[in-house]
Amino acid sequence: LKCNKLIPLAYKTCPAGKNLCYKMFMVSNKTVPVKRGCIDACPKNSLLVKYVCCNTDRCN
């Protein structure tokens, strides 16, 4: 699986066990992701942070 880094022009290949790509947004500003990468399980959203997870190459 390949996931985009913070700047979508760059990406990385996920290590074994990390089978999801994610992007994280601040709830107050959903237009600009603050973090992207590989993850093993999608975190729960909170009052401040929203996560979007997916499982295809460079989907984040």
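Positions of Cβ are set from backbone N, Cα and C atoms, glycine also.
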In Swiss-Prot, Cys59 sits in a disulfide bond; tell me which of Cys53, Cys54 is on the other end.
Cys54
Taking Cα atoms as reference points, which of the recorded positions Cys3, Cys14, Cys21, Asn29, Cys38 is nearest to Cys53 (disulfide bond)?
Cys21
Just jot down the residues in the same chain as Cys3 (disulfide bond), at least 6 apart in sequence, with C-beta under 8 A of its C-beta; none if empty.
Tyr11, Lys12, Cys14, Cys21, Tyr22, Arg36, Gly37, Cys38, Asp57, Arg58, Cys59, Asn60
What same-chain residues, at least 6 away in sequence, bring their CB to under 8 Å of the CB of Asn29 (N-linked glycosylation site)?
none
